[in-house]
Structures are given as structure tokens and as C-alpha cells.
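Taken from TrEMBL, the feature domain 'CobB/CobQ-like glutamine amidotransferase' applies to 4-208. Among the features that TrEMBL reports, active site, nucleophile is placed at CYS95. TrEMBL lists ARG139 with the feature substrate binding site. The active site annotation in TrEMBL covers HIS201.
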Amino acid sequence: MHLTIGYLYGDLMNIYGDTGNIIALQKRAGWRGIAIEIKIKNQKSKIKKGECDLFFFGGGQDQAQELVAKDLGESGKGKVVKQEVERGVPLLAICGGYQLLGDYYQPFGLPSKDGKPHSGPKLHGNGLFPAYTLASHDRMIGNIVIESMFGKLVGFENHSGKTYLKKDAVPLGMVKKGWGNNGKDRTEGCIYKNAIGCYMHGSLLPKNPKLADWLLQKALEVKYGKEIKLTPLDDSLELKAHEMVVKKFG
Ligand code: GLN
């Protein structure tokens, strides 16, 4: 079997070790004899329907997000990604990537202009996640542990944007330690069909093998149209790292 991973703006959106998620998917597939092809989809790329079996969208600074938001809209890539997720293609978006797949990310206005918060240009997202993000003066940094459908998930967050889920949005999980979406409502991330957005850098997948395998399994099931049972791996090392964070923080 073979999977193609669409690495959205992998040249611009890849901070805080997020490329480690691609490596984890590659390794966990490779150890099972599943061939993985990585396609970096940057500003010059097109995305054809059915071309990618899984999308990954990493974090990025505000400047990169401005360029990417513009391209996502103007190139139509944002629309195609949304359509692919609607038919079940799995996606993982972290932090800056997550923010650009909501309705919008509203940075602050230019201080020299009027200093009023949130008077800058809105970075429109593709509306995949029913959520919006406002810039804030809080820098939310630190280890994060949440309770989710995958059990506990551990990661590291570093963001100032605060994301607010709209009615009917389903959070990825509830914060046990850390900030999460906005440091207020204890939600973290959002899940829609087989798409997950969250603030969990780390990288996330190496220390959360259950989530990594869920993404691979969904990608294979959608691509090959049948139920897939992944061969179990020896996750003793991954789970040791996971437990260390849970024990210390969560
Ligand atoms: N620039 C965004 C923020 O600070 C996203 C940062 C990130 O991707 N870690 O919230």
C-alpha cells in the first residue's frame, strides 16, 4: 500500500519541530511496509482532488501566515483541502496552520496606525474548522496535556493567538494542563470529520502514537475503501516519553 502526504506550505509553516510529525508518519507507515510520498504544497503548487491521502499543516509566525492565508484563498487550495476533508481525507493542522483553517485569524492593527487591538487586516481561513482566532498579548507557552477521544495527548504550545470555537464545533479535547485554544474555556483544538486542528507542537505525533496511527488508518481506509487494521508496533519508547510528560504535568 502507498500513501501521499500533502505537506501544506512545508517551506513556510514548519516551526517548533512540526516537521517531526511528517517523520513520525513516514516511520510508522514504513515500519509496516506502507510506502509514503511527501508532496510539499507551497505557493507555487496546485492540489488536485484525490492527489493527497493525508494533509499536514504546521505552525508559522504571523508574517508567514499572511503570505499563506493570501495564497490559500487566491489559489483555491484552501477550497480543495476543505472538499477533500469533506470526503473523509484526514488532516492534522498545528497552531498557525490550525488558525488558517478556521473562519479567520485577526492579528493586531499596526501600532503606529491606531493601536486599537484587532484592527489589522483579517487573515481569512477556509472555514474548515468552525472557529476564529484573535491575536492576544498573552504568549501561551509550555507543556500541555489534554483528555481526548485518544486518551491523554501531550504536547508543547507556543502561541499568542486565541481560538474560539463556534456553536456545534467539537474540541479535540479538554485541557488538564496548559492553555489550549484560548486559556479560558479549557477546550483545546477542534476535530471535524477526520481533520484535527490543535496547538500541540512537540512534535505531537512521536509522543502520541495512537493519534499518529489513527491518521494513517483513516487515510488508508478512505483511499482503499475498506476497513484497515494496522499491524501493532512496539511503542514502548514512544509511550515512555508520553508517560513522562503525563507524570510531570498532567
Ligand atoms: N503566529 C501564531 C500565534 O502566535 C501561530 C504561532 C505558531 O504557529 N506557533 O498564535
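One-based numbering along the chain as shown.
Keep in mind that glycine also has a Cβ here, set from the backbone N, Cα and C atoms.
TrEMBL entries are annotated by machine, without manual review.
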Item to complete: Check the domain 'CobB/CobQ-like glutamine amidotransferase' (4-208) for me and report the mean pLDDT.
Response: 94
Worksheet item: Helix, strand or coil at ARG139 (substrate binding site), per DSSP?
Response: coil
Worksheet item: Which of the three DSSP-derived classes (helix, strand, coil) applies to the residue listed as 'active site'?
Response: strand
Worksheet item: Three-state secondary structure of CYS95 (active site, nucleophile) from DSSP?
Response: coil
